[in-house]
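Copied over from Swiss-Prot:
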| type | residues | note |
| --- | --- | --- |
| ACT_SITE | 45 | active site |
| ACT_SITE | 117 | active site |
| BINDING | 41, 114, 117 | Mg(2+) binding site |
| COMPBIAS | 203-212 | compositional bias 'Basic and acidic residues' |
| DOMAIN | 6-128 | domain 'RNase III' |
| DOMAIN | 155-225 | domain 'DRBM' |
| REGION | 203-227 | region 'Disordered' |
């Protein structure tokens, strides 16, 4: 049976489930036992990529494949999904095991992003793709509107590399500081070092690639603040 808290939360996300157990599963992290949300996360990843690709294809009729791909990547990346989760106060609804709860898992980007994908899959399974589209796309509307039409911002690693190359400086060096977690809940910390500038930043993410992007983003922020 769904709790009154979870029942109220359906109003916040804009969808009332026919089968509330799907929502409960979407909110349950693997640390809290089964049935957890990993399978839903897998499906939701594909569903959200389809919905965003479709929306961009329709909104940007003259954009080439590269621009569409970069825009989709920007909208569905971990930090973007985590931001949506925070807007919807999803972290407060998550069902976590004692360890994750104690370590603040309800605030971690990777867990929040995975939960958003799981909720999207739950809506898709409970209803259909058309309903899922109607419910989910408004979550992305602010980010969609903010993207420069046909020319979405490049990812942080690319932007940092191009900035350094324009000044004929050495490329950044990324190094793994540590990785933790089991195969399904990996967490990485990576450093980004800019030799000539004597600048070193760190980033975190659920994959090494995401951690490097986060470190590059922090480096860009430092460079911008020093202008």
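Yeah, the Cβs are placed from backbone N, Cα and C, and that goes for glycine too.
Since the structure is predicted, the reported quantities are computational estimates derived from the model, not experimental observations.
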Residues flanking the Mg(2+) site, with Cβ no more than 8 Å from the Cβ centroid of 41, 114, 117 and excluding those residues themselves: 37, 38, 40, 42, 44, 45, 113, 115, 116, 118, 121
Other CB atoms within 10 A, centred on residue 45 (active site): 19
Helix-strand-coil residue split for the region 'Disordered' (203-227), DSSP-based: 18 helix, 3 strand, 4 coil
Three-state secondary structure, which DSSP defines for residue 45 (active site): helix
Residues of the domain 'RNase III' (6-128) by DSSP state, where helix covers H, G and I: 93 helix, 2 strand, 28 coil
Residue, out of the recorded positions 41, 114, 117, whose Cβ gathers the largest set of other Cβ atoms within 10 Å: 114
Rounded inter-Cα distance in Å - residue 117 (active site), residue 41 (Mg(2+) binding site): 5
